[in-house]
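For reference, TrEMBL has these:
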DOMAIN    B:51-125  domain 'Cation-transporting P-type ATPase N-terminal'
REGION    B:18-40  region 'Disordered'
TRANSMEM  B:106-126  transmembrane segment
TRANSMEM  B:138-158  transmembrane segment
TRANSMEM  B:306-326  transmembrane segment
TRANSMEM  B:332-359  transmembrane segment
TRANSMEM  B:864-887  transmembrane segment
TRANSMEM  B:970-989  transmembrane segment
TRANSMEM  B:1001-1017  transmembrane segment
Amino acid sequence: MRRQLRSRRAPAFPYGSRYRLDDQDEVNQNYLADEEEEAEEEAQMMMASNSEEEKEEEEEEEKEEEEGQGQPTGNAWWHKLQVINEYLWDPERRMSLARTGQSWSLILVIYFFFYASLAAVITLFMYSLFLAISPYMPTFTERVKPPGVMIRPFAHSLNFNFNVSEPDTWQHYVISLNGFLQGYNDSLQEEMNVDCPPGQYFIQDGDEDEDKKACQFKRSFLKNCSGLEDPTFGYSTGQPCILLKMNRIVGFRPELGDPVKVSCKVQRGDENDIRSINYYPESASFDLRYYPYYGKLTHVNYTSPLVAMHFTDVVKNQVVPVQCQLKGKGIINDVINDRFVGRIIFTLNIET
Amino acid sequence: MRQRKLEIYSVEHHAATDIKKKEGRDGKKDNDLELKRNQQKEELKKELDLDDHKLSNKELETKYGTDIIRGLSSTRAAELLAQNGPNALTPPKQTPEIIKFLKQMVGGFSILLWVGAVLCWIAFGIQYVSNPSASLDSVYLGTVLAVVVILTGIFAYYQEAKSTNIMASFCKMIPQQAVVIRDSEKKVIPAEQLVVGDIVEIKGGDQIPADIRLLSAQGCKVDNSSLTGESEPQSRSSEFTHENPLETKNITFYSTTCLEASTSPVGTATGMVINTGDRTIIGRIASLASGVGNEKTPIAIEIEHFVHIVAGVAVSVGILFFIIAVCMKYHVLDAIIFLIAIIVANVPEGLLATVTVALSLTAKRMAKKNCLVKNLEAVETLGSTSIICSDKTGTLTQNRMTVAHLWFDNQIFVADTSEDNLNQGFDQSSGTWTSLSKIIALCNRAEFKPGQESVPIMKRVVVGDASETALLKFSEVILGDVMEIRKRNHKVVEIPFNSTNKFQLSIHQTEDPNDKRFLLVMKGAPERILEKCSTIMINGKEQPLDKSMAQAFHTAYMELGGLGERVLGFCHFYLPADEFPETYSFDSESMNFPTSNLCFVGLLSMIDPPRSTVPDAVTKCRSAGIKVIMVTGDHPITAKAIAKSVGIISANSETVEDIAKRCNIAVEQVNKRDAKAAVVTGMELKDMSPEQLDELLANYPEIVFARTSPQQKLIIVEGCQRQDAVVAVTGDGVNDSPALKKADIGVAMGITGSDAAKNAADMILLDDNFSSIVTGVEEGRLIFDNLKKTIAYTLTKNIAELCPFLIYIILGLPLPIGTITLLFIDLGTDIIPSIALAYEKAESDIMNRKPRHKKKDRLVNQQLAVYSYLHIGLMQALGAFLVYFTVYAQQGFRPTSLFHLRIAWDSDHLNDLEDNYGQEWTSYQRQYLEWTGYTAFFVGIMVQQIADLIIRKTRKNSIFKQGLFRNKVIWVGIASQIIVALLLSYGLGSITALNFTMLKAQYWFVAVPHAILIWVYDEMRKLFIRLYPGSWWDKNMYY
């Protein structure tokens, strides 16, 4: 009686996760009754390689079992796998994922049109967005202000460790600086850019889309740190040059008459660890003529001004933390979270 | 059992291989255990097999080795106690609370989130080892995830812990002390120590301390209501009166109450204990009730199904992209973090709690309509119910006898049986009625309890049995103050009703002072009354009772009896004044007055009438595709009559017997297919195999089970469940508790229900009214639809949450939205709106469709998932990206430059990253912009979720038909969304750990066109569904 009961119920639970191990035959039989795959039959043969006689007996004993009380076993997984397999491809009805080929093609066509029109709509939205945004001037600049600071040479690290007597330890700084200063070569600057009057903004009125001229910043301005006189930028003598660059911001103007200055000192430590620093240009400031910046598209040859710091007398064989800050109106150099806004911290460890 | 075992073991001898043998044996051991358990269960389900009631006292003494006079010896009692255990109910094994709690902690999505949290911590651990200044983001995330899981776990645990313990209610019923005779002495011992064979004494008011075979008792009455639901006290004596141990008079049951035993000389009844503890009837019921597994509710199955789908999607997408990320040469640690993010994006963390809240809101609503829901999930179960097995007494009927018909002057009159009963419109002018009404008023021992003058007659409390109460109220309604009438007609003698006489008689002085005759009034079983009569009153005139009148009487009696009504005959006789002078002394013992040749006056029939709201409710159930089956302990004829009057058997359907009668053929000759209705008695059911029962349940749309025992109720429930039906069962007695527990939803009666029934049930009808169930069904269906909407709403944004990570991994955009920000959508802005959908009104008449099919109509089906994920979800994602791109573009990063920017963008050392305008960004500035992007994306999703919320109000109808403003809570939800988002952006924008920034006002509107697009698209979808029902579109787009 229970047997009948069960065979009625079992097909209703194709995902039945609770068949016991010795339920397998029965499960499969119910299954086969539902016109299942041959593979399954084979599997059954393999797993239950016993005589027909025994099978019957097993069935008998299964009659005694109550359904649904067994523990889930590995067999359930096997069973599930077959169900999934059949779901993926049902050769009987030529269906995949419970749909026929025709149904699938209809789906694909409809979804193609749906997504195509969706893409058209989003493209339209995006296009209108870009029409509204000027390519010359960013709409907002409050996130990029106040300006950040970066130094050169820079290679993933702000710790300058080198041994004066071992050129290998500092050679890459020199190469990096040389590379960086290629754009500042006097000849190039003279050819591309104009020599504009210092101490005032270099304002160029006119249409947004007009090309803008850029002021010259010659490599020679950096004097001892230009690499022209000392091709090792002082590294060979333990007096390294480090170039400081303020991040470009479209439209940024320092206070009139009060250019942004750079000053470096030992950060948390003995003030006397650095006994002298030479700044080039000597004013240790970014001249007003380099501002404002009109953006990449029109201000093509714009050359970022630099301040070179020449650490001429630093304690050797010891890590010296250095903080270089920008100073001036509109400059913030004490944001806790951002250690690169208006200041930069690096260490010098010069070994001899 | 033994034979079965042999069969099992014989298999081993034939086993082909050793391995097989070993496997077989292990399996068998399990089988054995299971077998035993099942057999126990089966045994409990069987009818009580007891023959002690048939045995004589002597045989009992030998059987139990005891002595009726001296009782057991103490040593023997101790032995038996040790052998059989104490006379108490064994509580079932309890799952420790901590296990229950832990189960909640790993249920549903929790395990997935735990994995996420642990991965977060591991990832941080690894980061920390390599770089002690690693960001704490993953620690925050892990902690947040853990807190979410623990909170939802506690919430779920709290919900579950509220369900009460069944066993506790049984234990409350158990008596504490018993008077026992042992060693020839009367002792008071704790009832626990009773053993089989003990001789116990019972006084009125005692609880019976065990199953007891009465040895001597007089006028003993027991209240079996707690056990069987019969509300009338049952008399008990030492005689064997019925084959069935449950009905025989000489057995009383554990935990029932002995009401009176006062007429016996010593004031006590004695009996022998024949069963103790779990082997008693109540013990069996208790173990059956606690043993019946708590089946998963349909909604629990649906939610599990949904969890599987979502978790499946989450895990497979997560792993797929983990592999992709690894293949794309991402660091494994990063890949793990992507994996976590994908899981978090996919899992609707707040949804399960939302569902619970939605269910409890419905539960509250139902409680207002007198359906108290104990188990929250049962709220929906009622909605998917396809069969209701309803009790008759009290649920379908008013649970009080009421006069339904009268027969006098050779005519049947109909009395009003509605609840207030005030509208007695039959002809009251006849002289016969005057006489009859007098008999009804006088021949009645029932009285109103004093002090109820202001209470409506039908609601007054009466001392007396059910029929007398009915008659008293009936005459009070028609005649006015019955007590006054009785006072005027002073009663001189009376003989109360007893089962041998089957009549009740009283003699009164008449109120007419000129008439010195005594009036003898009598009522009783009609045939007995008729026997005593020689005349009959027609139109107030006495006529000889001839053959034709007798025939008319029989026709009327059969007709009323056929209506399932309890018929009483009434007659009177004026005692001649010469023979019985005023001073005559009447004696009830010797009956020194005539009791024959009386004058027959009329018949009156009573029934427990159906509640007036029930027929309507049954019709509603019918149209809602719910089969109503009546299961009652009452007589089949009464059951059928009530079934017909409430529409459980519809007016034009016939049973096999009806057809046989109509066509005048034998029952066997009738084609069973012709009959729509069936009335099956407990006796017939007993002989049925489960297959036959299945056939019966499947083939007849209208079924009444009469004279059924509680065990059979369980069998019927199981039969229905085998049809894949979701079964609701109503019940009130202790004996119903197994069936209540077994049912998908057990409904106990709040007024008449026993504690055990209430505890076993999932729902309690506070007014005992069947029509409240219909309300429940409606609410249940509504909440199922609304949960669908809630889930669709919640799932939609999953794609919008998932896409950022996929695009981040594949196209290397700066991360559009952070994992913690996602949690603020899932647990912040989306919570109240998704609850608000639970308040949505039904789209169409939900009571006009079939109950959902348990296996086919899923809560989350393919259409819902596809439409939510691939249509609306995708549109949302695009809209949110639009906001994100806008923010970046306006700040300097055009979309084209964002692609594959990830490595540079995320590099901490790169502090002069150039944007499209040549501006240079420090790492932190970019970070801050990224958070602004998160906020923008968040706001984008939020704005579109508002549209999503509005479109989810309906699945088929236009929003405008449903009414935009009918559900005010939706607007509360929308407001909450906006307020939460504003708070996060502007209020908490400065807390870096939350990754929110103050977003410019204009960005809040960027996604609005997209939201409108979503709305328009969904309106189009609904329009096409309505225009082309059954089309491809309908099949694939209607969820």
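Placed from the backbone N, Cα and C atoms, the Cβ positions cover glycine too.
Contact between the transmembrane segment (B:138-158) and the transmembrane segment (B:332-359) is supported: at least 3 Cβ pairs lie under 8 Å, counting only residues 6 or more apart in sequence. Sequence-remote contacts of a segment are chain residues at least 6 beyond its ends whose Cβ falls under 8 Å from one of its Cβ atoms, and for the transmembrane segment (B:970-989) they are 824, 828-837, 839-840, 935, 938-939, 942, 945-946, 949-950, 953, 996-999. Beyond its flanks by at least six residues, the transmembrane segment (B:332-359) meets 108-109, 112-113, 115-116, 119-120, 122-123, 126-127, 138, 141, 145, 148, 152, 155-156, 159, 299, 303, 307, 310-311, 313-315, 317-319, 321-322, 325-326, 376-377, 379-380, 783, 786-787, 790-791, 794-795, 798, 801-802, 804-806, 808-809, 819, 822-823, 826-827, 830-831, 834-835, 837-838 of its own chain at Cβ-Cβ distances under 8 Å.
Across B:106-126, B:306-326, B:864-887, stretch B:864-887 shows the highest tally of CB pairs under 8 A with the transmembrane segment (B:1001-1017).
The list of residues near the transmembrane segment (B:864-887) in space but at least 6 beyond its ends in sequence, with Cβ under 8 angstroms from a Cβ of it, reads 309, 788, 791-792, 795-800, 802-804, 807, 816-817, 895, 898, 929, 932-933, 936-937, 939-941, 943-945, 948, 951, 999, 1003, 1006-1007, 1010-1011, 1013-1014, 1017-1018, 1021, 1036-1037, 1039. The residues of the domain 'Cation-transporting P-type ATPase N-terminal' (B:51-125), classed with DSSP into helix (H, G, I), strand (E, B) and coil, number 48 helix, 1 strand, 26 coil.
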